[in-house]
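Since the structure comes first, as C-alpha coordinates, the remarks are kept for the end.
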Amino acid sequence: MSRCSQPIYTQPEADINSKALSLDHGKAKTSQRIKMSLTSILSAEAIDNAIKDCQDPDTFCYKKFFQLCGLSQKTPQEIKDVFRLLDDDNSGFIEESELKFFLQRFVPTARVLTEKETKSLMSAADDDSDGKIGVEEFQAMVLS
Ligand SMILES: [Ca+2]
Ligand SMILES: [Ca+2]
(Lines of atoms letter the chains of each structure in order from A; the text may use other names.)
(Lines give C-alpha, C1' and ligand atoms only; values in the text may rest on other atoms or scores of the structure.)
(Ligands and ions follow the chains in the order given, each with its own letter.)
Protein backbone atom coordinates (compact mmCIF):
# COMPACT_ATOMS: atom_id res chain seq x y z
CA MET A 1 0.00 0.00 0.00
CA SER A 2 2.74 2.43 0.90
CA ARG A 3 4.42 1.40 -2.31
CA CYS A 4 1.50 2.66 -4.36
CA SER A 5 1.10 5.92 -2.53
CA GLN A 6 4.72 6.97 -2.82
CA PRO A 7 5.65 6.71 -6.48
CA ILE A 8 8.26 9.47 -6.14
CA TYR A 9 10.50 7.34 -4.00
CA THR A 10 10.80 4.65 -6.61
CA GLN A 11 13.24 6.93 -8.41
CA PRO A 12 16.76 5.64 -7.78
CA GLU A 13 19.14 8.22 -6.43
CA ALA A 14 22.08 6.53 -8.00
CA ASP A 15 23.23 9.30 -10.28
CA ILE A 16 25.46 11.28 -7.99
CA ASN A 17 26.53 13.64 -10.74
CA SER A 18 23.13 14.91 -11.67
CA LYS A 19 22.14 15.04 -8.04
CA ALA A 20 25.03 17.29 -7.17
CA LEU A 21 24.33 19.41 -10.20
CA SER A 22 20.69 19.90 -9.48
CA LEU A 23 21.68 20.94 -5.99
CA ASP A 24 23.87 23.57 -7.54
CA HIS A 25 21.07 24.77 -9.72
CA GLY A 26 18.86 25.07 -6.72
CA LYS A 27 20.85 27.36 -4.51
CA ALA A 28 23.14 30.30 -4.99
CA LYS A 29 24.53 29.01 -8.23
CA THR A 30 26.48 32.07 -9.26
CA SER A 31 27.78 33.64 -6.07
CA GLN A 32 28.90 30.37 -4.59
CA ARG A 33 30.74 29.31 -7.69
CA ILE A 34 32.61 32.56 -8.02
CA LYS A 35 33.77 32.54 -4.43
CA MET A 36 35.14 29.06 -4.66
CA SER A 37 38.48 29.39 -6.34
CA LEU A 38 41.16 27.24 -7.80
CA THR A 39 43.69 28.65 -5.37
CA SER A 40 41.84 26.95 -2.54
CA ILE A 41 42.79 23.67 -4.21
CA LEU A 42 46.05 24.51 -5.98
CA SER A 43 48.84 26.84 -4.93
CA ALA A 44 48.96 30.15 -6.78
CA GLU A 45 52.65 29.67 -7.39
CA ALA A 46 52.15 26.28 -9.00
CA ILE A 47 49.36 27.64 -11.18
CA ASP A 48 51.64 30.48 -12.22
CA ASN A 49 54.38 28.06 -13.20
CA ALA A 50 51.99 25.96 -15.22
CA ILE A 51 50.61 28.99 -17.07
CA LYS A 52 54.06 30.40 -17.79
CA ASP A 53 55.18 27.11 -19.21
CA CYS A 54 52.59 27.31 -21.98
CA GLN A 55 52.30 31.05 -22.53
CA ASP A 56 53.26 30.81 -26.19
CA PRO A 57 50.52 29.69 -28.58
CA ASP A 58 50.50 25.97 -29.38
CA THR A 59 52.80 25.03 -26.51
CA PHE A 60 50.04 23.78 -24.22
CA CYS A 61 50.52 20.19 -23.10
CA TYR A 62 47.83 19.00 -20.73
CA LYS A 63 49.95 16.35 -19.00
CA LYS A 64 52.68 18.83 -18.22
CA PHE A 65 50.15 21.45 -17.22
CA PHE A 66 48.34 19.20 -14.75
CA GLN A 67 51.66 18.13 -13.28
CA LEU A 68 53.05 21.64 -12.94
CA CYS A 69 49.93 23.08 -11.38
CA GLY A 70 49.74 20.12 -9.01
CA LEU A 71 46.34 18.87 -10.10
CA SER A 72 47.56 15.39 -10.96
CA GLN A 73 48.48 14.89 -7.30
CA LYS A 74 45.06 15.87 -6.02
CA THR A 75 42.24 13.62 -4.86
CA PRO A 76 39.38 12.66 -7.21
CA GLN A 77 37.11 14.97 -5.19
CA GLU A 78 39.46 17.92 -5.64
CA ILE A 79 39.74 17.20 -9.34
CA LYS A 80 35.97 17.17 -9.47
CA ASP A 81 35.88 20.58 -7.77
CA VAL A 82 38.24 21.92 -10.42
CA PHE A 83 36.04 20.41 -13.11
CA ARG A 84 33.04 22.28 -11.74
CA LEU A 85 34.97 25.53 -11.88
CA LEU A 86 35.83 24.88 -15.49
CA ASP A 87 32.20 24.08 -16.30
CA ASP A 88 31.24 27.72 -16.42
CA ASP A 89 27.60 27.31 -17.42
CA ASN A 90 27.07 24.50 -14.92
CA SER A 91 25.89 22.10 -17.62
CA GLY A 92 27.78 19.16 -16.13
CA PHE A 93 30.14 19.09 -19.08
CA ILE A 94 33.07 21.11 -20.35
CA GLU A 95 32.11 22.02 -23.89
CA GLU A 96 34.56 23.16 -26.53
CA SER A 97 33.49 26.79 -26.00
CA GLU A 98 34.49 26.52 -22.34
CA LEU A 99 37.62 24.56 -23.05
CA LYS A 100 38.95 27.43 -25.11
CA PHE A 101 39.09 29.55 -21.95
CA PHE A 102 40.64 26.74 -19.94
CA LEU A 103 43.79 28.68 -18.99
CA GLN A 104 41.83 31.80 -18.05
CA ARG A 105 39.94 29.80 -15.43
CA PHE A 106 43.30 29.37 -13.73
CA VAL A 107 44.62 32.88 -14.32
CA PRO A 108 42.24 35.53 -15.72
CA THR A 109 45.02 37.20 -17.69
CA ALA A 110 46.18 33.98 -19.36
CA ARG A 111 45.73 33.50 -23.10
CA VAL A 112 42.93 31.55 -24.73
CA LEU A 113 43.85 28.18 -26.18
CA THR A 114 44.34 28.05 -29.93
CA GLU A 115 41.82 26.09 -31.94
CA LYS A 116 44.37 23.36 -32.42
CA GLU A 117 45.05 23.11 -28.69
CA THR A 118 41.37 23.18 -27.84
CA LYS A 119 40.62 20.38 -30.27
CA SER A 120 43.51 18.21 -29.18
CA LEU A 121 42.64 18.72 -25.51
CA MET A 122 39.05 17.80 -26.26
CA SER A 123 39.97 14.66 -28.14
CA ALA A 124 42.42 13.66 -25.38
CA ALA A 125 39.64 13.80 -22.82
CA ASP A 126 36.52 12.91 -24.77
CA ASP A 127 36.46 9.13 -24.45
CA ASP A 128 32.88 8.64 -25.58
CA SER A 129 33.21 11.14 -28.46
CA ASP A 130 30.13 13.17 -27.61
CA GLY A 131 32.03 16.41 -28.12
CA LYS A 132 32.17 17.42 -24.48
CA ILE A 133 34.06 16.43 -21.35
CA GLY A 134 32.22 14.82 -18.47
CA VAL A 135 33.58 14.75 -14.95
CA GLU A 136 34.79 11.17 -15.22
CA GLU A 137 36.52 11.89 -18.49
CA PHE A 138 38.16 14.90 -16.89
CA GLN A 139 39.36 12.89 -13.90
CA ALA A 140 40.72 10.18 -16.19
CA MET A 141 42.60 12.75 -18.26
CA VAL A 142 44.12 14.47 -15.23
CA LEU A 143 45.26 11.18 -13.74
CA SER A 144 46.51 9.70 -17.00
CA1 LIG B 1 29.49 23.50 -19.54
CA1 LIG C 1 32.54 12.98 -23.60
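Each Cβ is built from the backbone N, Cα and C atoms, and glycine gets one as well.
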Of the candidates GLU78, GLU98, GLU115, the one that TrEMBL places in the Ca(2+) 1 site of ASP87, ASP89, ASP126, ASP128, ASP130, LYS132, GLU137: GLU98
Reduced DSSP assignment, LYS132 (Ca(2+) 1 binding site): strand
Within-chain partners of the domain 'EF-hand' (113-144) [C-beta distance under 8 Å, separation at least 6 from its ends]: 17, 57-58, 60, 62-63, 66, 71-72, 74, 76, 79-80, 83-84, 86, 92-96, 99-103
